[in-house]
């Protein structure tokens, strides 16, 4: 199905990132170093299963093929498995993925797969247990690793692992990561540290361009792969001697926004056209009843006409994003 979600720059949007909570139990240095602080929204204030069913149905009707459930930590919701099943009800949604810190992966991943989950991204910023603890504030490295193993045992053929690239923290550990994925079908995605409203000092101290890793990968014979239309923003590299892949997400690179194919809805029902945009368009008043779907689709389509051509990170403008738990990164 061709996407009806096309902006003024002829970009088509097949991919929805849907945040279902901003609560997280980790305290990652680059996101929530002081831990989660409620913003006035209680658990009852987040989108309900019925609201999630309606918003994903509207996006699917407009051509969305992939939904990624994000947070916060989405698995902290007690109804998380029900949420997966609600999204799965729509046959037009071909891929349902989650980005998780892995805290509940070992316990619940088989149930998530049975409910319809097709993809998993796990955040792992270091393969050293002590450094993992220092970055996340949680001594859960072995638990997260066991969760990744459990995902393969549950039938997932590939697991994606997100690693925030930080100077003097993990940027020099490429060989360790490559050894880890040599015999494992893991797509390891290095994500450039991004500046947020609360993270400017950390950014100045630890940002390093992903170009450094790309040059090294190409030097070692890694091959750049072509993107599919519902893929995320990663540049993916493969090597004949490795079961795993490497992905690089470099938001500061020239023309990064040219291939944008994703929209975001926050855990309180606001449509965000860009991770680093302003404001957001309220959808929640149109999520109360199934009969509102046509009006909901019209509002989404109208909002898309206002999407900017690019973010303004190069001008140190991080928009409304104070931290990455706010609308799910």
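Just so it is clear, glycine is given a Cβ too, placed from its N, Cα and C backbone atoms.
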Taking 99, 100, 136 as the options, which does Swiss-Prot list with 17, 68, 160, 262, 263, 264 at the GTP site?
99
From 238, 274, grab the residue that Swiss-Prot records in the same [4Fe-4S] cluster 2 site as 257, 260.
274
Roughly how many angstrom lie between the C-alpha atoms of residue 31 ([4Fe-4S] cluster 1 binding site) and residue 72 (S-adenosyl-L-methionine binding site)?
10
